[in-house]
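Participant: Below you will find the structure I want to go over with you.
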Amino acid sequence: MVNSTEASYFILTAYSDTGVFKYLYFLIILALYLCIIGANVLLIVVICVNRSLHEPMYLFLCSLFVNELYGSAGLFPFLLVQILSDIHTVSAPLCFLQIYSVYTYVCVEFFNLAAMSYDRYLAICYPLQYNTYMTSNKASFLIAVSWLFPFLAIVVLISLSVSLTLCGNIINKVYCGNYSIVKLACSDTRVNNIYGLFYTVISIIIPLLLILYTYMRILRVCFSGSKQTRQKALSTCTPHLASLINFSFGGFFQILQSRFDMSSVPNMLRVLLSLYFLTCQPLFTPVLYGLKMSKIRIICKRLLCGEVMTSVSCRQKVKAAAQSFSSVRRATSHSLDLCIIHINIGRSVWIICLMCSHDEEHVVTVIAMFKVTSTSR
């Protein structure tokens, strides 16, 4: 038996001896973590540097991507160290810090998804009043609340757990969980259970009810609206719904594993499912939105391919204009010239191809006009 003064560390018993395969697992987890960082950072940069994406919907997405980085940082470095370690122990302060990181990540995720569903509800159900109802200041306020409330609420949760008198230090998981520590307590845990229930209702149940309500209203408008309205709703809501279902599935199993006896489930399956919402969601979210949101997809292609694609496309268009000019010149008796004009409009560069005649009327015809680069939009 270990009392509160002796429980300076916890033992994680869900790890098994994998021998030399631990290096393979390490490389797989490291590759996954690097992909998560790359995908989320890319989309954050795309949204921040493009003024055309400075809209409420994309601000919520940026907050979501930042949270994915935050949540993965609370697990992956710890997981990588534990995989290579022969003794799977964690100090009490580090354990509570991880609990704080993981629990705030989950709460911020649900709050962000709820705010995004409210934004889609206004855009689809009140399209004419959307800019009045959802301003940039209101979006910033919702994002701030989505982050500040979880950070304050989890402080109380951690404080209640730290004050408990513990009768053990063995956690049957691959990372630290608050309820796993509460179950080790010798002292009365009624306050912890009541606050844990209150926190679950506020951070998970209420956001899910809000999301359910908004989607009921969205479906009602879609069924009574035109085909164009249904297509718009489908294109904007599909990534959000997929992200919500994916995260809710992982979170639901985590709650079941914490509250009920799951010894009948194979250990490997328990480990994989307990890690699902912390490993798959941070990569699933940016990939899903990057593929489904047309604006983000186009700008990502431009950013990744760089000026090579732009210059090649430019040469092809100028060549096509020159070929058109040659065809017209051969078919007419007038003296014609091809003029290529570069015009800077803001940060964009436009090329205009003109065909000019030297007869008495001096006719000028535009045969091609296209934008070469755009650094701000």
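Note that Cβ sites are derived from N, Cα and C of the backbone, with glycine treated the same way.
Just so you know, TrEMBL annotations never went through curation; they're auto-generated.
Below are the features I grabbed from TrEMBL:
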type     : residues : note
TRANSMEM : 23-46    : transmembrane segment
DOMAIN   : 39-289   : domain 'G-protein coupled receptors family 1 profile'
TRANSMEM : 58-80    : transmembrane segment
TRANSMEM : 100-118  : transmembrane segment
TRANSMEM : 139-160  : transmembrane segment
TRANSMEM : 197-216  : transmembrane segment
TRANSMEM : 237-256  : transmembrane segment
TRANSMEM : 268-291  : transmembrane segment
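Provide an account of the burial state, proximal residues and distances for the features listed.
Facilitator: Confidence annotation: the domain 'G-protein coupled receptors family 1 profile' (39-289) carries a mean pLDDT of 87 in the model.
Beyond its flanks by at least six residues, the transmembrane segment (58-80) meets 26, 29-30, 32-33, 36-37, 40-41, 43-44, 47-48, 90, 94, 98, 101-102, 104-106, 108-109, 112-113, 115-116, 119, 136, 139-140, 142-143, 146-147, 174-175, 275, 278-279, 281-283, 285-286, 289, 293, 295-296 of its own chain at Cβ-Cβ distances under 8 Å.
Counting same-chain residues at least six beyond the ends of the transmembrane segment (197-216), those with a Cβ under 8 angstroms from any Cβ of the stretch are 106-107, 110-111, 113-114, 117-118, 120-121, 149-150, 153-154, 157, 237, 241, 244, 248, 251, 255.
Listed as Cβ neighbours of the transmembrane segment (268-291) (distance under 8 Å, sequence separation of 6 or more from its ends, same chain) are residues 14, 32, 35-36, 39-40, 42-43, 61, 64-65, 68-69, 71-72, 74-76, 79, 102, 105-106, 109, 173-175, 239, 242-243, 246-247, 249-251, 253-254, 257, 262, 297, 300.
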Participant: What same-chain residues lie close to the transmembrane segment (23-46): Cβ under 8 Å, and 6 or more beyond its ends?
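Facilitator: Those are 53, 61-62, 65-66, 68-69, 72, 76, 79-80, 83-84, 279, 282-283, 285-287, 289-290, 296, 299-300, 303, in sequence order.
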Participant: Restricting to the same chain and to residues at least six past its boundaries, which positions have a Cβ under 8 Å from a Cβ of the transmembrane segment (100-118)?
Facilitator: 57, 60-61, 63-64, 67, 70-71, 73-75, 139, 142-143, 145-147, 149-151, 153-155, 157-158, 175-178, 203-204, 207-208, 210-211, 214-215, 240, 243-244, 247, 251, 277-278, 281
